[in-house]
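Features of the protein shown, as given by TrEMBL:
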- Asn128, Lys129, Ile130, Asp131, Gly182, His183, Ser184, Gly185, Val186, Gly187, Lys188, Ser189, Thr190: GTP binding site (BINDING)
- Cys264, Cys269, His271, Cys277: Zn(2+) binding site (BINDING)
- 78-240: domain 'CP-type G' (DOMAIN)
- 88-238: domain 'EngC GTPase' (DOMAIN)
Amino acid sequence: MQGIVTKSMGLWYQVETADGQMHNCRLKGKFKLENKKISNPVAVGDKVRLISDQGDSSAMIIAEILPRENYIIRVSPKKKGHSHIIASNLDQAIIVATVGTPRTSLGFIDRFLVTAEAFRIPATILMNKIDLLSPEELDGLKEKMVEYESLGYQVLYISALKPEDIESLKSQLANKTSLFTGHSGVGKSTIVNELAPEAQQKTSEISDFAQKGVHTTTFAEMFKLGTDTYIIDTPGIKELGLAEIEKDELSHYFPELRNLMGKCKFSNCTHTHEPGCAIETAYQDGSISPTRYDSYLSMLAGDDNRR
Ligand SMILES: Nc1nc2c(ncn2[C@@H]2O[C@H](COP(=O)(O)OP(=O)(O)OP(=O)(O)O)[C@@H](O)[C@H]2O)c(=O)[nH]1
Ligand SMILES: [Mg+2]
Ligand SMILES: [Zn+2]
């Protein structure tokens, strides 16, 4: 029997089979880990083969993970030197961002976009809580985000509290598996509950003091909105440590750098100090965004994202 992993809870996994049934599953005792540097062998979105559990008739066993079409991964915050697969088999990844409640930096958005580019997953930026912005603030935000639209990323503006915004979001999700990610407190679970009322995800107010989320969601979980339409709620992330991305390929994941780097004098140009660097010239004359170039330099230097 085959199914899709809809929730991973440490040792137990929830798997949905084609008949719509949910099964509690464990991993086969001698499950072979392909890559020991990954902290979670099975991720939400994985297609798996199940066999029955001889010892426990109410449970099933995951015997095999079918090849992943794609996945999105980051450096594990808990296990040093390990990476954590956020989810797999995605059609799009949506970063939920807010201006000040909590604050999402452009650097954080850039890290997410680089990750999505590296794993070839279409990325969307979803600015939530626009009900908290004045018309001037919203205009200012839209102006700032034009840059991202010109790079080819879709930017959406919603308030999760507005039913008409949720309705228009639905059309972006139809017939796809979409991942919602972003900082704690930006409203991922609120949006998921509005889209799929049976989800009943816990939500919490952000702390008054720090204007930060309180990490309410603890496990990634997938919900079905309709035939072939799934959404995945995930725990809020503080930093997005890049995993499985080599420094010498980083510039490929910035569309504006990718377009220019063929013009650099040296084919192994790192675009930091080399003579005849087309990207440095573009930076000097203002044709690429300084904040994007800064993000590139910061990722290249291996900085974490505390800005
Ligand atoms: N004003 C306003 N508040 C919102 C909106 N969306 C969510 N919130 C509130 O923001 C707070 C945090 O929402 P959650 O859905 O728990 O955030 P989350 O992203 O799931 O957070 P974690 O699970 O910790 O990662 C809650 O108090 C929500 O009611 C919005 O569009 N406008
Ligand atoms: Mg949540
Ligand atoms: Zn260069």
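Yeah, the Cβs are placed from backbone N, Cα and C, and that goes for glycine too.
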Thr190 (GTP binding site), number of other Cβ atoms within 10 Å: 20
In sequence order, those binding-site residues of Asn128, Ser184, Val186, Thr190, Cys269, His271 whose CB lies under 6 Å from ligand 1: Asn128, Ser184, Val186, Thr190
Those binding-site residues listed as Val186, Cys277, and which of them has the most Cβ atoms within 10 Å of its own Cβ: Val186
Lowest local Cβ density (other Cβ within 10 Å) among binding-site residues: Asn128, Ser184: Ser184
Cα separation, Gly182 (GTP binding site) to Cys269 (Zn(2+) binding site) (Å, whole number): 32
Residue among binding-site residues Asn128, Gly182, Ser184, Val186, Thr190 with Cα closest to the Cα of His271 (Zn(2+) binding site): Gly182
Sequence-ordered binding-site residues from Asn128, Ile130, Gly182, Ser184, Val186 with Cβ under 6 Å of an atom of ligand 3: none
